[in-house]
């Protein structure tokens, strides 16, 4: 035997007796799984590339299209009689329109009956707010997607999905609240201005959002919503709370020895912070309606989990309730307007005038209502006035949450709270600056604390992107607790500037 042959023989003897089989031979499905995983990663990558590709660069033509070109074709305009029928049948709240002439008559004939004037003016504004939202919604279908979003974001909280593939305008400001705040500002009722705006945020965050979670939780075990946009909104809410708390911290840490002109300094700080908040609000609108509009759709929402039904007797079949995916995926081919363009604009102007006049009677009667001592000015501003502009939208938000459109409901609750904090409050501060009214961001300390606790609670409830009925009950019960405390809380003016308004 040669030396080469012995080496080859020794090499063969060192080889294992049984060769291990390949991974595909041991588990033939592994290769298929790896191939499916590769295919899925490739499809996700393509989807992300397509999503990124849809965000084209800014151009005048694109801006003109988003402002003036409707996202869907518009059907023929109805006649005048059909338009009037649509107005009458727009909502069952229209039965309260009879309170408008009653409130006006009481204001002129029985000025000393402040309680009656307040009650009927209060009831009259509720259907007017609904009609204002209806008119704005009809006007928005005739313009482009971005301009429609701005109209809804400025005038109402109606939730219209502008395009099945486009973002839902999910943050809105009620013009009724803005009108009431402006009238109270002109009449130097600055405490009413502050408390009504804080009360609107509390009402939206706790009462409306709690009712949406609870109503949706009665049908679904868990409901999902867009967690990314919601967390971003939570950050903006936290920013607004910081803007409210910083003047209070300034007030608590400054004495007459260190700052003899503390009131004027707080007023100047409020003016500067208000301008910054308005800039943040403008950036937020551009982010939501243009640059990152896809974040505010239901596409990224977690799927809802319906309750399983009981098994039928004698069978093993288990049925579940239908989810809202079918309703969510319905797409309308064309928009059918319910009013003509002339009727829509006329209704918008007339209702706005009626709201302004009725709101003036409402604000005028507050002093007489609270002078009896039966109810405090704090409770009127924090609890009652926010209901005026929010009642109609509250019903709509709860209705769509039951239909598994919780992202739209969050647009009313969280989105409108953001716009009150980032737009209405700084706008009123700036308007007071122009009119020479000493309105500051130094709110009542108890109001500031309740706002902080409400935002903190909501952040904990929405951080997982899902909701259930227990979370809704927690938010509603917290709002009831605040109602009880504000019934007995007299209110205060820490800066001492509110009473100096002339």
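Don't overthink the numbers, they just go from 1 along the chain as shown.
Here the Cβ of each residue, glycine as well, is placed from N, Cα and C on the backbone.
TrEMBL lists transmembrane segment at one of the ranges 24-47, 48-71, 192-215, namely 192-215.
Counting C-beta pairs under 8 angstroms (sequence separation of 6 or more), the transmembrane segment (446-462) fails to reach the transmembrane segment (339-359), with fewer than 3 such pairs. Sequence-distant contacts of the transmembrane segment (412-434) (same chain, at least 6 residues past either end, Cβ-Cβ under 8 Å): 153, 157, 159, 170-174, 177-178, 181-182, 185, 190, 193, 197, 200-201, 204-205, 208-209, 212, 230, 233-234, 236-237, 239-241, 243-244, 270-271, 273-275, 277-278, 280-281, 284, 393-394, 396-397, 440-441, 458, 462. Only residues 6 or more beyond the boundaries of the transmembrane segment (192-215), in the same chain, are considered here, and those with a CB under 8 A from a CB of the stretch are 174, 177, 180-181, 184-185, 223, 237, 363, 366, 377-378, 380-383, 385-387, 389-390, 393-394, 397-398, 401-402, 406, 409-410, 412-414, 416-417, 420-421, 424-425, 428, 439, 443-444, 447-448, 450-451, 454-455, 457-458, 461, 467-469, 471-476, 478-479, 482, 491, 498. Counting Cβ pairs under 8 Å to the transmembrane segment (87-110), the top-ranked stretch among 116-135, 236-254, 266-287, 339-359 is 116-135. A Cβ distance under 8 Å defines the sequence-distant neighbours of the transmembrane segment (266-287), meaning residues of its chain 6+ beyond its ends; these are 149-150, 153, 171, 236, 239-240, 243, 246-247, 250-251, 418-419, 421-423, 425-427, 429-430, 433, 438-442, 495, 497.
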